[in-house]
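Written out below as C-alpha coordinates is the structure these notes cover.
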Amino acid sequence: MNGQGASADPQLQQFIEIESQKQRFQQLVHHMTEVCWDKCMDKPGPKLDSRAEMCFVNCVERFIDTSQFILNRLEQTQRSKGSFSETMTD
(Lines of atoms letter the chains of each structure in order from A and count residues from 1; the text may use other names and numbers.)
(Lines give C-alpha, C1' and ligand atoms only; values in the text may rest on other atoms or scores of the structure.)
Protein backbone atom coordinates (compact mmCIF):
# COMPACT_ATOMS: atom_id res chain seq x y z
CA MET A 1 0.00 0.00 0.00
CA ASN A 2 1.01 3.61 -0.38
CA GLY A 3 0.54 4.41 3.33
CA GLN A 4 -2.46 6.66 2.82
CA GLY A 5 -5.02 3.88 3.21
CA ALA A 6 -8.57 3.72 1.93
CA SER A 7 -9.59 6.89 3.76
CA ALA A 8 -7.57 8.98 1.30
CA ASP A 9 -9.53 7.78 -1.76
CA PRO A 10 -12.53 10.11 -2.25
CA GLN A 11 -14.12 7.83 -4.86
CA LEU A 12 -14.01 4.91 -2.45
CA GLN A 13 -15.44 7.05 0.34
CA GLN A 14 -18.26 8.19 -1.94
CA PHE A 15 -18.97 4.60 -3.01
CA ILE A 16 -19.07 3.45 0.62
CA GLU A 17 -21.41 6.31 1.57
CA ILE A 18 -23.76 5.52 -1.33
CA GLU A 19 -23.80 1.82 -0.42
CA SER A 20 -24.45 2.71 3.23
CA GLN A 21 -27.38 4.90 2.17
CA LYS A 22 -28.75 2.05 0.06
CA GLN A 23 -28.47 -0.30 3.01
CA ARG A 24 -30.24 2.16 5.35
CA PHE A 25 -33.01 2.60 2.79
CA GLN A 26 -33.45 -1.18 2.42
CA GLN A 27 -33.61 -1.53 6.20
CA LEU A 28 -36.24 1.20 6.36
CA VAL A 29 -38.33 -0.46 3.64
CA HIS A 30 -38.03 -3.82 5.40
CA HIS A 31 -39.10 -2.30 8.72
CA MET A 32 -41.99 -0.42 7.13
CA THR A 33 -43.15 -3.58 5.35
CA GLU A 34 -43.01 -5.58 8.55
CA VAL A 35 -44.92 -2.98 10.60
CA CYS A 36 -47.60 -2.42 7.96
CA TRP A 37 -47.96 -6.17 7.29
CA ASP A 38 -48.51 -6.89 10.99
CA LYS A 39 -50.98 -4.04 11.25
CA CYS A 40 -52.98 -4.65 8.06
CA MET A 41 -52.96 -8.38 7.28
CA ASP A 42 -55.43 -10.38 9.34
CA LYS A 43 -55.40 -13.48 7.18
CA PRO A 44 -53.41 -13.75 3.95
CA GLY A 45 -55.56 -14.82 1.03
CA PRO A 46 -55.23 -15.21 -2.71
CA LYS A 47 -55.64 -11.46 -3.19
CA LEU A 48 -55.69 -8.26 -1.19
CA ASP A 49 -59.13 -7.07 -0.14
CA SER A 50 -59.98 -3.38 -0.32
CA ARG A 51 -59.76 -2.90 3.46
CA ALA A 52 -56.26 -4.36 3.64
CA GLU A 53 -55.17 -2.40 0.57
CA MET A 54 -56.41 0.87 2.08
CA CYS A 55 -54.74 -0.01 5.37
CA PHE A 56 -51.40 -0.56 3.59
CA VAL A 57 -51.72 2.74 1.72
CA ASN A 58 -52.51 4.64 4.92
CA CYS A 59 -49.77 2.87 6.87
CA VAL A 60 -47.11 3.69 4.29
CA GLU A 61 -48.29 7.29 3.95
CA ARG A 62 -48.21 7.79 7.74
CA PHE A 63 -44.77 6.21 7.89
CA ILE A 64 -43.50 8.58 5.19
CA ASP A 65 -45.18 11.59 6.83
CA THR A 66 -43.66 10.72 10.19
CA SER A 67 -40.21 10.16 8.72
CA GLN A 68 -40.39 13.49 6.88
CA PHE A 69 -41.53 15.28 10.05
CA ILE A 70 -38.64 13.81 12.05
CA LEU A 71 -36.09 14.73 9.37
CA ASN A 72 -37.42 18.29 9.20
CA ARG A 73 -37.34 18.57 12.98
CA LEU A 74 -33.76 17.30 13.13
CA GLU A 75 -32.77 19.75 10.42
CA GLN A 76 -34.35 22.64 12.35
CA THR A 77 -32.58 21.54 15.51
CA GLN A 78 -29.23 21.36 13.71
CA ARG A 79 -29.76 24.81 12.18
CA SER A 80 -30.70 26.34 15.53
CA LYS A 81 -27.65 24.76 17.18
CA GLY A 82 -25.48 26.07 14.35
CA SER A 83 -26.83 29.61 14.61
CA PHE A 84 -26.57 29.46 18.40
CA SER A 85 -22.93 28.37 18.29
CA GLU A 86 -22.19 31.04 15.66
CA THR A 87 -23.61 33.77 17.92
CA MET A 88 -21.57 32.42 20.84
CA THR A 89 -18.33 32.72 18.87
CA ASP A 90 -19.03 36.26 17.60
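Glycine is no exception: its Cβ is also placed from the backbone N, Cα and C atoms.
According to DSSP, CYS59 (disulfide bond) sits within a helical segment. The annotation disulfide bond is assigned in Swiss-Prot to CYS36-CYS59 (among others).
Sequence annotations record features per position, and here Swiss-Prot assigns disulfide bond to CYS40-CYS55 (among others) based on similarity to another entry. Secondary structure at CYS40 (disulfide bond), taken from DSSP and collapsed to helix, strand or coil, is helix. A C-beta separation below 8 Å, combined with a sequence spacing of at least six in one chain, links CYS40 (disulfide bond) to ALA52, CYS55, PHE56, CYS59.
Model confidence over the motif 'Twin CX3C motif' (36-59) is summarised by a mean pLDDT of 92. Residues annotated as motif 'Twin CX3C motif' in Swiss-Prot: 36-59.
Cβ-based neighbour count (10 Å, all protein chains) for CYS36 (disulfide bond) stands at 19. The Cβ of CYS59 (disulfide bond) has 18 other Cβ atoms within 10 Å, all protein chains considered. Counting every protein chain shown, 17 other Cβ atoms lie within 10 Å of the Cβ of CYS55 (disulfide bond).
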